[in-house]
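These notes are about the structure you will find just below.
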Amino acid sequence: MSSSSSSYATSSLVVGYALCSSLLAVINKFAITYFNYPGLLTALQYLTSTVGVYLLGKLGFLHHDAFTWDTAKKFLPAAAVFYLAIFTNTNLLRHANVDTFIVFRSLTPLLVAIADTVFRSQPRPSKLTFLSLLVILAGAVGYVVNDSAFTLTAYSWAVAYLVTITTEMVYIKHMVSSLELNTWGFVLYNNLLSLMIAPIFWFLTGEYTDVFTAVNARGGGSLFEPVAFFAVALSCVFGFLISFFGFAARKAISATAFTVTGVVNKFLTVVINVLIWDKHASPVGLVCLLVTICGGIGYQQSVTVAKKPTNGPSQDSEKVDEESVELIPAGKVATNV
């Protein structure tokens, strides 16, 4: 693959992930508002992605690695961390507005950069990179100061989400780098194993009693009202899309760059959030978000400069494997909290 083609493929993956990530937070908030069962909602998302990959593979639209228990055992810890990240994310959106989610999502790049250096022996961030990450942190702090919807429950889930998403970003990047699976293989393993884990938390949290109560209250009828059905279906579709773009982007860029991409694209999330929901940040909070975005732009510039080779290729640079980008027949669109 030529350098220009590789760069175009990487950019396409990052843009695809950014769009899906921007929209999914609002879509999940929409879904959890009308379908207040976070454990069941995430399980339905995993089921959709698993069945989608299996059926598309059978129809010949994509190729995924065959499922083996040996590989599944190796990937299980990563799937467990991923499940916890999505589970805490959904519960955070259940108890807080989208802005609170964005604030804590914005705090992750600095933590991921540190964890990447300490646990994955990646080069330490340059001074400019570190300064950019601090700008992101400062913007996030200013944003949270203007949060008028503080509750202990919401922020407890927010802290849990911050810990799990930081761990997930670094650990799954390690798994993507060490396991010999193509992108659709990662999507299949991650969603299938997460689906197997889901019932454990469904019972531990007692959510199953709420579901059974709701079913009995409707005389055995459906849990889904028309609006709830549409919201859940939409979240499942975007969960499937972000499964692919998330893993493909992880293979193409560093864990910290992947995390910063997730933070910067939240600007679109905020715009949509302001247009849809009544509860959102104040004008001062939105200015703080712009500071965060500026920090993200500064980060991207700093790592671009750092990746220019001097005495050889940079240790930070990670190329896209040609097999990691599946070729979809004409008329199909290439489609991961």
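Yeah, the Cβs are placed from backbone N, Cα and C, and that goes for glycine too.
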TrEMBL annotation of transmembrane segment - which of the ranges 102-119, 282-299 it falls on: 282-299
Ranked first among 128-146, 152-172, 184-204, 282-299 for CB pairs under 8 angstroms with the transmembrane segment (227-248): 184-204
Two-stretch contact, the transmembrane segment (152-172) and the transmembrane segment (43-63), at least three Cβ pairs under 8 Å: no
Tertiary contacts of the transmembrane segment (75-94), as residues 6+ beyond its ends and Cβ separation under 8 Å: 25, 28-29, 32, 36, 38-39, 41-42, 45, 100-101, 104, 154, 157-158, 160-161, 164-165, 167-168, 171-172, 175, 179, 189-190, 193-194, 197-198, 201, 337
